[in-house]
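*Asks:* Submitted below is the structure of interest, expressed as C-alpha cells.
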Amino acid sequence: METSNGSSTTDFILLGFSDRPQLESIISVIVFIFYIVTLVGNTTIILVSYLDTQLHTPMYFFLSNLSFLDLCYTTSIIPQMLANLWGPKKSITYGGCVLQFFFALDLGATECLLLAVMAYDRYAAVCQPLHYTVIMHPELCQKMVLTSWLGGLGSALILCSLTMKLPRCGHREVDNFFCEMPALIKMACVYSKVIEIVVFALGVVFLLVPLSLILFSYGVITRAVIRIRLAGRWKKVLNTCGSHLTVVTLFYGTIIYMYMKPQNTTSQEQGKFFTLFYTIVTPSLNPLIYTLRNKDVKSAVKRILVIDKCSAKA
C-alpha cells in the first residue's frame, strides 16, 4: 500500500516516441497540423449548424455534438503531447494524468454511443421519411445525446477508479504519448483479472453492441436504398450515410483492435501508432468527410459568407 500511495503523488514520464528521437520532430509537425485542422473543421461545423436555420435538424444536432466531442477529446491530449515533444521535459503530474485518462475514456465512450444514435437517425430519415419529424422530435434527440454523455461518464468513472488504484511499485514511465488505459495497466506490478473482465464487459456494451446496431441500421438502409428509383434521392442518401459509415469504420476499427484484444497480445509500438490514428487523425477527418460529401453544409457555408459580405457592404 505504501508504494501505491507514494507513487500516486509522483509525476509520470510520458515516453511517447522517445525511443525514436529522429521521428519526434516530424511527428510533432504532423500532430500540430492535424490539431489545427481539427480545431478549424469542427468549430466550423458547430458554427454553421447553429447559424444556418436550414441545418436545425436532428442530423446536424448530432453532428454538432460529435464535433464538440472531438474538440474536447483532442484538446485533452494534444497540447500536453506537443509540450512534451517540443520541450526538454516529458513529464505529466499525477493529477494531470488522471484527468487526461478520465476525459479520454469519457469522450471516447460517448462517441461510441453517439455514432450509434446517428445511425438510428439515418435509419429513421431513409426508412421512415414520412414520420421522421415525429420520430426524431427535439425532446427525443436531446435525451439520446444526454444518455450518450452520461453513459460515457459512467464507464470512465468505473475504469479510471479501477486502473488508478493498481499498485505501480514506483513505476513512473508511461510507454505512450498520453495517459491511456493499456499503457497505465502495463505500468502496474500486479496482473488484474478484474480489470480485464470489466474492460471486456464495457467493450461489449460500448463497442460491440453499438456497432451491431449501426450495422443492422445500415443493412435496413441498404435494402431501402435499393428500392429507391429516383437517382437524385438515391445519391443524397448515399452521400449522408456514406459519410457516417466512413467515420464509423475509422473510429470503431482502431478502437476495437486496441481495447477488445487481451492487453498482453498488443505490441506497444503498434499500439502507439493505432492510438495516434484514432486520437489525432480521425477527429480531423470527421469534418472533412462530412463537409466534402455533403452539399447541405457547403450551401450553408456559402449562404453565411454571402450574408457576411452583404452586412460588410451595408
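Please read every residue number as a count from 1 along the shown chain.
Cβ from N, Cα, C; glycine included.
The feature domain 'G-protein coupled receptors family 1 profile' is assigned by TrEMBL to 41-290. The transmembrane segment annotation in TrEMBL covers 26-48, 60-78, 98-123, 144-164, 197-221, 242-260, 272-292.
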*Asks:* Can the transmembrane segment (60-78) be said to touch the transmembrane segment (272-292) if we require at least 3 CB pairs below 8 Å and skip pairs under 6 apart in sequence?
*Replies:* yes
*Asks:* Could you give the mean pLDDT over the domain 'G-protein coupled receptors family 1 profile' (41-290), rounded to a whole number?
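*Replies:* Overall, the domain 'G-protein coupled receptors family 1 profile' (41-290) comes to a mean pLDDT of 85.
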*Asks:* Counting only CB pairs under 8 A, let me know which of 26-48, 98-123, 144-164, 272-292 has the most with the transmembrane segment (197-221).
*Replies:* 98-123
*Asks:* Counting only pairs 6 or more apart in sequence, are there at least 3 Cβ pairs under 8 Å between the transmembrane segment (242-260) and the transmembrane segment (272-292)?
*Replies:* yes
*Asks:* Same chain only, please: residues at least 6 beyond the ends of the transmembrane segment (26-48) with a C-beta under 8 Å from a C-beta of the stretch. Say none if there are none.
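*Replies:* Here the qualifying positions are 17, 55, 63-64, 67-68, 70-71, 74, 78, 81-82, 85-86, 276, 280-281, 283-284, 286-288, 290-291, 297, 300-301, 304.
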*Asks:* What residues elsewhere in the chain lie close to the transmembrane segment (272-292), defined as a C-beta under 8 angstroms and at least 6 residues from its ends?
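*Replies:* Same-chain residues near the transmembrane segment (272-292) but 6 or more away: 16-17, 27, 31, 34-35, 37-38, 41-42, 44-45, 63, 66-67, 70-71, 73-74, 77-78, 104, 176-178, 180, 243, 246-247, 250-251, 254-255, 257-258, 298, 301.
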